[in-house]
Amino acid sequence: MIPICPVVSFTYVPSRLGEDAKMATGNYFGFTHSGAAAAAAAAQYSQQPASGVAYSHPTTVASYTVHQAPVAAHTVTAAYAPAAATVAVARPAPVAVAAAATAAAYGGYPTAHTATDYGYTQRQQEAPPPPPPATTQNYQDSYSYVRSTAPAVAYDSKQYYQQPTATAAAVAAAAQPQPSVAETYYQTAPKAGYSQGATQYTQAQQARQVTAIKPATPSPATTTFSIYPVSSTVQPVAAAATVVPSYTQSATYSTTAVTYSGTSYSGYEAAVYSAASSYYQQQQQQQKQAAAAAAAAAATAAWTGTTFTKKTPFQNKQLKPKQPPKPPQIHYCDVCKISCAGPQVFILCIYHESQCTFTSVYSVLCNSPIDQKDACGKLHLCRLCDVSCTGADAYAAHIRGAKHQKVVKLHTKLGKPIPSTEPNVVSQATSSTAVSASKPTASPSSIGASNCTLNTSSIATTSVKGLSTTGNSSLNSTSNTKVSAVPTNMAAKKTSTPKINFVGGGNKLQSTGNKAEDLKGTDCIKNNPAASAVQIPEVKQDAVSEPVTPASLAALQSDVQPVGHDYVEEVRNDEGKVIRFHCKLCECSFNDPNAKEMHLKGRRHRLQYKKKVNPDLQVEVKPSIRARKIQEEKMRKQMQKEEYWRRREEEERWRMEIRRYEEDMYWRRMEEEQHHWDDRRRMPDGGYPHGPPGPLGLLGVRPGMPPQPQGPAPLRRPDSSDDRYVMTKHATIYPTEEELQAVQKIVSITERALKLVSDSLSEHEKSKNKEGDDKKEGGKDRSLKGVLRVGVLAKGLLLRGDRNVNLVLLCSEKPSKSLLSRIAENLPKQLAVISPEKYDIKCAVSEAAIILNSCVEPKMQVTITLTSPIIREENMREGDVTSGMVKDPPDVLDRQKCLDALAALRHAKWFQARANGLQSCVIIIRILRDLCQRVPTWSDFPSWAMELLVEKAISSASSPQSPGDALRRVFECISSGIILKGNPGLLDPCEKDPFDTLATMTDQQREDITSSAQFALRLLAFRQIHKVLGMDPLPQMNQRFNIHNNRKRRRDSDGVDGFEAEGKKDKKDYDNF
């Protein structure tokens, strides 16, 4: 069936105040509303202008077709569920302006349908209509507002508005439409077979004979639509007909009323079908009478022309039959013998763990042998409740009990067979066989061996819809959730348990318990072996894993021995019959011998026995709720602590990785800087003819530096103007290749010669001590321990023009004048062995050194200072009493010179560790050394203090500094007054005691250097760094600045640069720089 929402076209006549409301409430428009929907419809169709003035204009009336945009998509279901009905209103011309403002009120009809079951009511048959008009009614697959293109009908105002006493026949004759009627019918539920626009509806279906069965008590939310044959005229109601109108879904509506005869529903039983049919006919008769009376009254009142008609508000409330109270839906579980509250609970009852647990426990109890020595040796079984009683009295009490009576009442209501109340007496030895033979089909013992099938679609429908009461949907016995029990080895008599079907009305519970359903369930299991194979292991697993009842625990834990038999007393009546048992330890009573055995094995009795009788009895520990909560809290805190430490470790690991990454990036950038400047220095035609080699010179030592690449320099950020000036100045002050090779040559020759001198002196000492040849070790007989580089040679701070380098010769004993002279005598001989060149050697006793000069250009000078670590050790032990007992040699060298040589060793080691790896540090120190040599003011600045200051200024920066930024930062530090007196000063990090490296400077020297640094900082701020560095300004590399300069000032013809011209105009004297 295709859901169709009819669009009714009517003529709006505003001559009487409240007439349209009367027509709406009088069921004129073809709607049968219920409840709030009727009130809403009446209020909606009754909106009128404030004054009820009759319009009498003989002009042509404009016809408007107003459509309501759909609020939500219409759901296509098996039943008719129109979501909105649009009304085409034809109004006179003067009312057209007011219609635009109230289009929302007249445009649509809101509905609140919650169900999809709509019955078809009957309406009185109207008078035979005239032949259908020439225009064809089209279906359009659209929801938009479209005006009708057909011309409107011109009505005579006098004929309609000025004849209040006209008869019904005259009115009917005048109301006949013209051939071109502005009627357009819309289909609100589009389907695939429709064509767009104004095409014909070509998908026609064969008229089906359907007789709808109305439920006995429909849902309160159900709204019934009355669908009538479509007619283009409005005529008085004729005699009522008792047929249901029919329509064929073709290009046009058929105006002939044809009776529907519905297709047969084989799923319903005859009794239910007949009852529903009779009830439906009664309801149809009542509704036909009420609808006929209401329609006749409304139609007569609409055309009588009276100004006021007395009406009863909301007449269609009388058409709604009073609903009986809805009985609750019953869901009965054949296994547990209980009724469930709803379909979801019923499904959970069948397939939840409690079902399997009940089944497994019952099987264990039935299969486990019970001691035959008990007084009661027989069991009385109740077939209806599946309950076993230990005696006749207990069975009689069960029969009289509320549980049994409730089950009997439920079975009576369901129409299920009720077995006899005679007990089924079974001996305990054969209880397992007797129980399984006498139980119904759905007993728990047979459930364990049965196959449980579950229809997924039916479960989903039940859980989502909650078994909603729909007229055309029902859950069959095969599709509904059920437990079909098929025992495999059961030879006893089998009583078939009736199954349950839920009929669509929601209140009819049909019982179709027969053997055909059992056979159908069996066939379903056979046809679906996968479902049975899946379900059987799950039932068994739950049954084994979750035995929770005390009976199952007592049956499974057979190794627990009962204790305290003597403390259980038998209580007898006057006749001497045992009526109950009393436990003195637990202060409890019970009347079952089996309960006595279970009580003696129980944990409570054993705990009381351990507490009062035998403390050594072992009882299993079962933590209480409080102890369990405490344990869970401890575990939770422990897990939180572990999580906390795990996160801490991850954070530490992340920080280490970030730190390692930053260090790698820093060293990589520094190496790129070094490679860049080395490549620029080696470029023959580059901008920097002799670029610097990086932080270290050729003679410097830096462990771990990779070899220089032969390819092009890596990409780096563009240099600033200050960087270009600093690097250009550094290239000019850096030593040439000849100077570096000369220094390297004379230093290496001197070191090799001193090694030979040490060997010669050691051989001479061995010849004097003949007895100690085998006793003395090789290291102790040497007077000279080694030679080390210090000063600018070790630090890599050589400048162009430097001819002096320093070496330190370590001695095993305190250096003396005799040792100095012997070294000076042997050194020329060893130099002649190593190099053919001639060297001039001088012995400077006052300096505690040997001075070696080369005779070949470039002439280099090497100062070799003798020292020993013993001198500093003795200086540190000045407070010791034994230090004065050791007498120094009479010809020992100057102690201060030796201490200065040891300090130079420490300074070189510190510089290699701290300053060599710092970006731009070595470059800036070379720049400042050149400044100290050029400017007399800076010549008093100690070199060691300057190195400490530069290292601290650059290392304290937040990021690596470029050469220009580093030079500016050093000048800023000095300008702040850090070297002035009264400040902490610069402490020597190589001394154990606090020592200020600026102690040798006077106050005037400190102030002069500070003032000069401030003046240099001002020059840097005004782009006069070339004056600070003592160099000529560089040509501009960016053409944009040259254009700017040309605009500001015309360049001179002689090519003088703008910076030089500005320098000439400056009145300050920069000779100090």
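Glycine too: its Cβ is placed from the backbone N, Cα and C atoms.
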Subject >> 305-326, 701-722 - the one Swiss-Prot records as region 'Disordered' >> reply: 701-722
Subject >> region 'Disordered' according to Swiss-Prot, located in which of 120-139, 460-479 >> reply: 120-139
**OP:** Given the candidates SER762, SER1053, specify the residue that Swiss-Prot annotates with phosphoserine.
**Re:** SER1053
Subject >> Of 419-443, 569-593, 594-618, 869-893, the range Swiss-Prot labels region 'Disordered' >> reply: 419-443
**OP:** Measuring CB to CB from LYS622 (SUMO2 cross-link), give everything in the same chain under 8 Å that is also at least six residues away in sequence.
**Re:** ARG603
